[in-house]
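> Marked as Ni(2+) binding site by TrEMBL: B:His2. Annotated Zn(2+) binding site per TrEMBL: B:Cys73, B:His76, B:Cys89, B:Cys92, in sequence order.
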Amino acid sequence: MTVANPRIVTVRQNILKANDHTAAENRAAFAAAGVRTINLASSPGAGKTALLERTLRDLAGQVSMAVAVGDLATENDAARLRQHGAQAEQIVTGTICHLDAAMVQAVLPRFDLAGLEVLFLENVGNLVCPSSYDLGEAARAVLISTTEGEDKPLKYPTMFNTADVVVITKMDLADAVGFDRDLCRENIDRARPGVPVIELSSRSGAGLDAWFAFVRGERA
Amino acid sequence: MHEASIALSLIDVASEVLRENGAARASALTVRVGQWSSVVPEALTAAFPTCAQGTPLEGARLSVVTVPGVGECPVHGRVTLDVTRGLRCPECGAPTPTLLAGDELELDEIELAEPDLEDV
C-alpha cells in the first residue's frame, strides 16, 4: 500500500516563461533582420486598423512595412490592409482573446523580414489579456479613442502600464462627443507616469506626423 | 478573460517541475498573482480544475496569493499602491512610475504527492 508523503518544492517560476522564451526568440529574429516591430493594442473599434490603413497609405514608398493582424475570426482586417499595397497576414486566434509569442512566431516565415523596416503586430481588440503577453515587439502602442470614455486608463491600468506610447484616436470626433482631453491625459499619466501621448485623427490626418515619427523609431 | 490560457501555462510549468523531481502527481500548488498582472485570481481558480483534467495536476488544490503593487515615492520611499489610483503615491500623489512588486504571475510552491518509499 502506498501512502501519500507530501513534499513541498519551492519553484518561484514565471508562469508565462514559455511565452517569454518564444518572445525572446522573436525579438532576436527581428533584431537580426533589422525590422522594428510595433504591437498595437486597444479595445475593439478604437481604430487600430484605420490607423494602420492610413499609415500604410501615407508612408508607402518611404518605409517598407507589413502587418500581422490577430482576430478571433475572419480575414477582414488583413483584406482591408492589403488594399494599401502592403503584405498583411491574418492570425485567426479561434477563441483566444490575445496574440501570444508562438502565434507570431508561426506567421513569421510568411514575411521577408530582412526586406522590411517596420512590422506591425495588430493585437486582438481587448484591453486586458494582451497586456500579459510579450510578443517580442520593440515597442507597444496602446490606443484609446475619444468615443470610449476618458477613464479607460484607470479601468485597465495594466494595459496602459505596459505602453511605450499612448495614442488617442478619433480626435476629429472629440468635440462632438464631449471628449475631456485634459482628464484623459491625466488618467493616462496616472496609469503610466511620463508616457508619451499622441493625439491624432486617421480620418483628417491631424497629428499623424508624431505617429509616423514613432513608427520610424524617431521618438518615444 | 485569459485565465484559461494562464491555467494551461501554469500546468505546463508545474508538470515540468514534477518531472524534474521524479514525482507523478501534485496534491497542491501555490501561485503568486500581482494586482497589476491583469489576472483575476477567482477566474484562475475557476478555470484550473477543468484545465488540469487528465494531467498530473488533476485534483491538485490551487491557492492564489495576491501580491499588492509596490512603488517608490521620491518622498515616502516604498509605498503600497492602490490599483484604482494608478501609479501614484497613496500619501502625496507623486508619480511612482516603476512597479517594484505587483506584476508577478508565478508558480511559487508545489506540494508533491508521491509514494512513500518505505511503504512500497
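Quick reminder: no glycine exception, Cβ is built from N, Cα and C everywhere.
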> Around the recorded Zn(2+) site, report the further residues of that chain (criterion: Cβ within 8 Å of the mean position of the Cβ atoms of B:Cys73, B:His76, B:Cys89, B:Cys92; site residues excluded), sequence-ordered.
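Going along the sequence, the neighbours appear as B:Pro74, B:Val75, B:Gly77, B:Val79, B:Pro90, B:Glu91, B:Gly93, B:Ala94, B:Thr96.
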> In whole Å, note down how far the CA of B:His2 (Ni(2+) binding site) lies from the CA of B:His76 (Zn(2+) binding site).
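Per the Cα atoms, B:His76 (Zn(2+) binding site) and B:His2 (Ni(2+) binding site) stand 35 Å apart.
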> Write out the long-range same-chain contacts of B:His2 (Ni(2+) binding site), meaning residues 6 or more apart in sequence whose Cβ is under 8 Å from its Cβ.
B:Val39
> Quiz question: given the binding-site residues B:Cys73, B:His76, B:Cys89, B:Cys92, which has the greatest number of C-beta atoms lying within 10 angstroms of its own C-beta?
B:Cys89
> Taking Cβ atoms only, which of the binding-site residues B:His2, B:Cys73, B:Cys89, B:Cys92 fall under 8 Å from chain A?
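Near chain A, the qualifying binding-site residues are B:His2.
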